[in-house]
Ligand SMILES: Nc1ncnc2c1ncn2[C@@H]1O[C@H](COP(=O)(O)OP(=O)(O)OP(=O)(O)O)[C@@H](O)[C@H]1O
Ligand SMILES: [Mg+2]
């Protein structure tokens, strides 16, 4: 294991520091439990010695009661160990998920715009679950094996130094050498499995989202075939990984048997020479044969461990990712004032969008932004929301740079109607209510009237209680857009950022919405983006972006 892997593990351990006490309890119970289970065959060995007349102080009765006590103890301890192990598992899942969601919230939306969604889903599901396995079912077994090994080797040392060394080498072989060998053989497959899996989930997700497009252009069969091929490839890789697991098991079993026979032959030889009692043969042989459990458990982890470590690397990578915009959490609350774009430069990486841009959005006015597709209209709204930070120049509200203002309060005074409406599972009322959680039904209806969607909703069988989940594909683009406008009117923030709010509407509905916007602008700043001059007729001033 190289240094980067060790530091990765230590970084991972830092995440679950609060669970250390429970981990220690798990380990202690595990060690005692294993000692109980090794004790049972050892007692069998002792019984054999009684039979051979080598032990006279102990009777079969003693052995019988001892076996029962050990067996019960073993059961209880095993239960307790599993119980605390699973407790750790659930806590770990909660801790890591909480961290991931906090980071995602911090990174969104700018850092998530360009991210592969399938990869993110794999991270939130598979990666985190593998980490759970690591914390709950890897660390404790490793520690248990370590302490168990020390105890058994110490006992073995009392019988024979040579046998102790043979056993030490065998422990290392099953827990380290064999897994390392197999790991090296299977490493490429492990990586391939994980990346193929991510590609497949992206592909499935994309196919589902684009089902309509695929059907229209008649390439659903190609998509299905590609999916089939990808799945088969994944299965092949998985089968190979499983074969390595089988090989590990076979090699470990072989080691156990060879070790047992070697120690038996060696101690027999010593007994011949020194005329020692049979105990010197029976106990070491039984001990060696019965004590491999925790080490074999380790070798089975090795295949997973590789995947776990790369999962860990991805999760930590996300946790350490810096947001595009450092959130301002100061007490400096944003107030409703004029917005000024002051000599702003902005580029997405190397793609320059604005150079020396100057705009002025006065309070209580409608101001338009006009420009052809791809010219940077939506980008300007995102800059005003501070989803991205400008490279040069300033965006001011009143006299204050928006970077100096509490980010949450900044977004609180703004309503942003995006070009693409996202609807959630739930009823229409619930979907509108996301703009203001405590809104009453009357307020929702009023907002819907302003957005010219009330009549449509009123004609639905369940009206505002119609579930959108089922109807989502039955809503027209214009209906979705009007629901999105209803949200903005309900949110009732003093700054309205409208990105092509009427692009999908007929002129009648557009006229209703534009009329509402005009009324709203009595006490609101409205920044209206459109590529239609007719829409922008209601604006008092129009900026053109090139
Ligand atoms: N996150 C991003 N990373 C890199 N480039 C981006 C990103 N978002 C947008 N762009 C690019 O920046 C340019 C401006 O995009 P923007 O969405 O602001 O255009 P727009 O004027 O709103 O166009 P439309 O009228 O089609 O909505 C486009 O060329 C787009 O490809
Ligand atoms: Mg746009």
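Numbers here mean position along the shown chain, with the first residue as 1.
Heads up, the Cβ atoms here are built off N, Cα and C, so glycines get one too.
As given in TrEMBL:
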COILED    227-254  coiled coil
DOMAIN    24-307  domain 'ABC transmembrane type-1'
DOMAIN    339-546  domain 'ABC transporter'
TRANSMEM  20-52  transmembrane segment
TRANSMEM  58-77  transmembrane segment
TRANSMEM  133-155  transmembrane segment
TRANSMEM  161-182  transmembrane segment
Discussion item. Can you work out whether the transmembrane segment (20-52) touches the transmembrane segment (161-182), with the criterion being 3+ CB pairs under 8 Å where the paired residues are 6 or more apart along the chain?
Written reply: no
Worksheet entry | Long-range neighbours of the transmembrane segment (58-77), counting only residues six or more past its ends (CB under 8 A) | 29-30, 32-33, 36-37, 39-40, 43, 46-47, 50
Worksheet item: Which sequence positions outside the transmembrane segment (161-182), separated from its termini by at least 6 residues, show Cβ-Cβ distances below 8 Å to it?
Response: 145, 149, 152-153, 244, 247-248, 251-252, 255-256, 258-259, 262-263, 266-267, 284, 287-288, 291-292, 295-296, 298-299, 301-303, 305
